[in-house]
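Participant: Copying in the features that Swiss-Prot gives for the protein in this structure:
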ACT_SITE  SER153  active site, nucleophile
ACT_SITE  ASP181  active site, charge relay system
ACT_SITE  HIS242  active site, charge relay system
DISULFID  CYS20-CYS103  disulfide bond
DISULFID  CYS192-CYS197  disulfide bond
DISULFID  CYS235-CYS240  disulfide bond
DISULFID  CYS257-CYS284  disulfide bond
DISULFID  CYS258-CYS309  disulfide bond
DISULFID  CYS277-CYS282  disulfide bond
SIGNAL    1-4  signal peptide
Amino acid sequence: ADDLTTLRNGTLDRGITPDCTFNEKDIELHVYSRDKRNGIILKKEILKNYDLFQKSQISHQIAILIHGFLSTGNNENFDAMAKALIEIDNFLVISVDWKKGACNAFASTNDVLGYSQAVGNTRHVGKYVADFTKLLVEQYKVPMSNIRLIGHSLGAHTSGFAGKEVQRLKLGKYKEIIGLDPAGPSFLTSKCPDRLCETDAEYVQAIHTSAILGVYYNVGSVDFYVNYGKSQPGCSEPSCSHTKAVKYLTECIKRECCLIGTPWKSYFSTPKSISQCKRDTCVCVGLNAQSYPAKGSFYVPVEKDAPYCHNEGIKL
């Protein structure tokens, strides 16, 4: 998972600035389906030249995953999410691996001097994802209503840039963007054109889990503040809380429980009790959030261990 902790704490390694230069040719696509559970690696150029996707695959819902700083497209948490999407909902999952642009080669040194480069690269990766989406729509006849993006940290903002670009390309809007603890550093005062924003898809869902490494303002149609969005149970490091957003969504995809969000106006107000929840006032985190009418900010109580349920057995 990506780790912005040393950046936020100001404990930068004063070594040589890493080279995290973006090059589209470095991007790989990890493609998962029920008959390719461990994933295959493709390049966009190959997709242009060969009819690789079978009609039976491409007709499914498609989830495009985008990782964050210092991470990879097949990181452990994304791999678990991809397998859950395949198993439960028979998705076609495409994980965008932009590890070089995300400075993954320097992850072992914990050198975050390349963070500003990675931030700049998010726009390039967003354009890449939009161009890939155009290929899916025009060559493979995939409707935009079948495509959702799921991005963690810098990947959340990258998803936003992709959402803006597909609209510029006149493709319409993605069905949904799910922003998993959208990155805070370099985005703390950003306006909509420069970050993930609720207009970037038909529905934008944000799951906030770290006030240190993530943004603490609303960016979506619904914004879930898990455990008040500050830090997470069982986590002593901000990076642990930051990564929990990915794990929470994966458990919600498995549908072992519903993480319920109850309306919450601000950090200084007391959220309503889960026991008072009705389907028209509260929202379940996850792939079905869009089916609930309520929008805005929601407080989500969680337990320390998976599947993290703290919903008093309530069914919405």
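Quick reminder: no glycine exception, Cβ is built from N, Cα and C everywhere.
Because the structure is a prediction, the values reported are computed rather than measured.
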Participant: Does DSSP put CYS284 (disulfide bond) in a helix, in a strand, or in coil?
Facilitator: strand
Participant: Per DSSP, CYS309 (disulfide bond) is which: helix, strand or coil?
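Facilitator: SS state of CYS309 (disulfide bond) = coil.
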Participant: If one measures from the C-alpha of CYS257 (disulfide bond) to the C-alpha of ASP181 (active site, charge relay system), what distance in angstrom results, rounded to a whole number?
Facilitator: 21
Participant: Sequence gap of 6 or more, C-beta under 8 Å: which same-chain residues meet both conditions with respect to CYS309 (disulfide bond)?
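Facilitator: Residues satisfying the criterion: GLU256, CYS257, CYS258, LEU259, VAL302, GLU303.
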Participant: Do you know offhand how many angstrom separate CYS103 (disulfide bond) and SER153 (active site, nucleophile) by C-alpha?
Facilitator: 14
Participant: Given the recorded positions CYS20, CYS235, HIS242, state which is nearest to CYS197 (disulfide bond) when distance is taken between Cα atoms.
Facilitator: HIS242
Participant: Go through CYS240, CYS282, our disulfide-bonded residues, and report the one whose Cβ sees the most other Cβ atoms within 10 Å.
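Facilitator: Result of the Cβ crowding comparison: CYS282.
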Participant: Would you count the other C-beta atoms found within 10 angstroms of the C-beta of CYS20 (disulfide bond) for me?
Facilitator: 24
Participant: Have a look around CYS277 (disulfide bond) and count the other CB atoms within 10 A of its CB, chains all included.
Facilitator: 23
